[in-house]
């Protein structure tokens, strides 16, 4: 069986072959209006131009959704039109189709070099919920703070634990973030809390699911069977965490200032349709979850993930961890079904974070908290500078990457990168 090819040259190591076509929001120049495109090789295909040229047909014939400053309108159209759009774009970019391939004027209007455009947040994120769905991560953290005998809380194997995060401070890859201030307290007996910049700044390797389809009605749950039809696509997510602030504040309601100072997502949204060839079975769940969470078959995805760190002294990043979405105990569809089982309504553009994705080995842990085991050991940044870390320092850049390896092609997410700036000076 021949592999689908594009007339746009795509290198073997590209994250963006014609089998992928992730959606993003971009500006060709800073003064231009934002619009929607898909990535193909080293280029962005401008979907607003395709629409202006009347190259979409069917229900999308006169669409204006690709002229918008975010993907929300397109994501709200639902699975049928997502699939129709993908089929049309894939056909237009195919090496077998002459419409754009043989029209120089069209090509000059449609394609922009990825390196020349400004990428924006892909969606207007209304609500953000972060889960705690990796058994390895939850166990590691539990051992550190409660001991082996009480590592997992009793509820953990019965439901996907989550909390509501802050959508206003979600930023697109490449946006620097300042080290946050907050209250911390030492472990010394009779010590008092102090107000200071975070000393234990951490990353969390996560993925985020963007919700699509029509808004659900308040009081109507999304069933486990239909949950997949409400997920438009996935992004990489770094849920930055201030561990010392979190330790003092989290009882009894969970993290607050330790999380809401910033979360970084990748600009390209890889659709569920593109990911389907990489569907795989999740870990066996024991005990069997309640009926509303039960699902069969290949309900998660084999997505290889990595974390690299680049200090100001380094010329290139050094990989510190590799993991995989397939390790997650609770799947994205289970998370969505649980989120709505009480009738909570969902809107296009809502974001669900998986929680830290840790694997079974020490080199697959998804946070510095685990890699340094609560700061008890150092993490090497390689031989170029022989630097070491226990947590993230000022000037450090953290780069997340994700990749699905197919037969003759690969589907990637690009990078999710953020750099930590020094904290503001305060009295």
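Don't overthink the numbers, they just go from 1 along the chain as shown.
Cβ coordinates come from backbone N, Cα and C, glycine included.
Over in Swiss-Prot, the protein carries these features:
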- 130, 204, 206, 239: Ca(2+) binding site (BINDING)
- 132, 146, 246, 250, 356: substrate binding site (BINDING)
- 137: active site, proton acceptor (ACT_SITE)
- 239, 259, 263: Mg(2+) binding site (BINDING)
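The structure, with features from Swiss-Prot marked on it.
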| residue | record | DSSP class |
| --- | --- | --- |
| 130 | Ca(2+) binding site | strand |
| 137 | active site, proton acceptor | helix |
| 146 | substrate binding site | helix |
| 239 | Ca(2+) binding site | coil |
| 246 | substrate binding site | helix |
| 259 | Mg(2+) binding site | coil |
| 356 | substrate binding site | coil |
Residues 132, 146, 246, 250, 356 [recorded substrate binders]: greatest CA to CA distance in Å: 19
Whole-number Å value for how far residue 259 (Mg(2+) binding site) lies from residue 146 (substrate binding site) (Cα to Cα): 22
Between residue 137 (active site, proton acceptor) and residue 204 (Ca(2+) binding site): CA-CA distance (Å): 10
Spatial neighbour of residue 259 (Mg(2+) binding site) that is closest, considering only the binding-site residues 130, 132, 246, 250, 356 and their CA atoms: 246
Assigned conformation of residue 206 (Ca(2+) binding site) - DSSP reduced to three states: strand
Of 137, 146, 259 (the recorded positions), the residue whose Cβ has the fewest other Cβ atoms within 10 Å: 146
Cβ neighbours within the same chain of residue 130 (Ca(2+) binding site) - under 8 Å, at least six residues apart: 162, 163, 164, 165, 206, 239, 259, 352, 353, 355
Among 132, 137, 250, which are recorded as recorded positions, the nearest neighbour of residue 263 (Mg(2+) binding site) by Cα: 132
Packing count at residue 250 (substrate binding site) (other Cβ atoms within 10 Å of its Cβ): 14
Listed in sequence order, residues not in 130, 204, 206, 239 with Cβ within 8 Å of the centre of the Ca(2+) site Cβ atoms: 205, 237, 238, 241, 259, 263, 353, 354, 355, 356
Inter-residue C-alpha distance, residue 246 (substrate binding site) and the residue listed as 'active site, proton acceptor' (nearest angstrom): 16
Fewest other C-beta atoms within 10 angstroms, as judged across 246, 263, 356, which are the binding-site residues: 246
Sorted by sequence, non-239, 259, 263 residues with Cβ within 8 Å of centre, Mg(2+): 130, 165, 166, 204, 237, 238, 240, 241, 260, 262, 353
Integer Å distance between the CA atoms belonging to residue 356 (substrate binding site) and residue 137 (active site, proton acceptor): 7
Cβ contacts of residue 132 (substrate binding site) (under 8 Å, same chain, 6 or more positions away): 138, 156, 160, 161, 162, 163, 355, 356
